[in-house]
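Features as listed in Swiss-Prot:
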- C111: active site, S-palmitoyl cysteine intermediate (ACT_SITE)
- 91-131: domain 'DHHC' (DOMAIN)
- 31-48: topological domain 'Lumenal' (TOPO_DOM)
- 204-263: topological domain 'Lumenal' (TOPO_DOM)
- 10-30: transmembrane segment (TRANSMEM)
- 49-69: transmembrane segment (TRANSMEM)
- 126-146: transmembrane segment (TRANSMEM)
- 147-167: transmembrane segment (TRANSMEM)
- 183-203: transmembrane segment (TRANSMEM)
Amino acid sequence: MLALRLLNVVAPAYFLCISLVTFVLQLFLFLPSMREDPTATPLFSPAVLHGALFLFLSANALGNYVLVIQNSPDDLGTCQGTMSQRPQCPPPSTHFCRVCSRVTLRHDHHCFFTGNCIGSRNMRNFILFCLYTSLACLYSMVAGVAYISAVLSISFAHPLAFLTLLPTSISQFFSGAVLGSDMFVILMLYLWFAVGLACAGFCCHQLLLILRGQTRYQVRKGMAVRARPWRKNLQEVFGKRWLLGLLVPMFNVGTESSKQQDK
């Protein structure tokens with residue numbers, strides 16, 4: 001349990017450090033290299049378009065990250081008390097997390113990167129957090145590849161060029177042919193690629209469970225769920241104003257039925 005609580009502190013710090021490093025690289029390396037194009041107009045220059053897109057992806061990722069933490073699970077105490085109070089206990093899908101010491105309605109899993117449990121109150125923000133984190137990482141990887149290609153005069157036309165970039169760069173780094181800053185960017189390329197794929201896969205997995213009306217906790221425990229149309233399952237999580245929530249980080253906009261289940 002001590003190791004889990006320690007991981008609950010280290011993982012958010014790791015995520016915030018990676019986010020800070022990404023912002024620094026975008027601001028001081030990638031954007032200045034795009035400003036060197038003299039043929040581009042000031043309004044539609046690559047630097048402006050790249051900065052606007054990266055800011056949009058990052059704002060949604062960090063905004064939903066904060067909302068996942070703010071929409072924390074309910075405090076412990078719902079099932080405690082006398083026998084007369086026991087009928088008010090939550091449904092079987094409710095779970096008590098020993099790491100959070102809280103009760104989560106429609107518990108899915110505990111996310112160490114947010115230091116919080118994922119349930120009915122923050123599932124929507126968690127999925128959008130995974131989506132925009134994946135997009136931000138993959139987009140940063142593409143921008144980093146363009147930067148490395150221009151600085152080191154490397155062509156990525158070959159399908160295996162990205163796979164052979166790391167071992168080749170390591171040997172050139174120790175021989176003095178590659179600067180330390182460029183080597184750091186190359187390492188970040190693979191980190192962005194790994195995090196982007198992991199978040200994309202996790203987002204798709206969560207969406208599949210939502211379409212089925214299930215949570216990871218219910219699947220792990222073998223709990224039976226009531227069959228419902230997939231549209232209703234999506235609306236329960238994302239609400240009727242799903243498009244607005246997809247573009248702007250905002251609190252849960254679930255339907256009235258989902259709000260009643262949280263009570």
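Just so you know, glycine gets a Cβ as well, placed from its N, Cα and C.
Worth saying up front: this structure is predicted, and the values here are computed from it rather than measured.
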Recorded stretch that, among 10-30, 49-69, 183-203, has the most CB pairs under 8 Å to the transmembrane segment (126-146): 183-203
Reported mean pLDDT - the topological domain 'Lumenal' (204-263): 77
Summary of DSSP states over the topological domain 'Lumenal' (204-263), given as helix, strand and coil counts: 37 helix, 0 strand, 23 coil
Residues of the parent chain within Cβ reach of the transmembrane segment (49-69), under 8 Å, 6 or more residues beyond its termini: 15, 19, 22-23, 26, 30-31, 34, 111, 114-116, 118, 122, 125-126, 128-129, 132-133, 135-136, 139-140, 143, 247-251
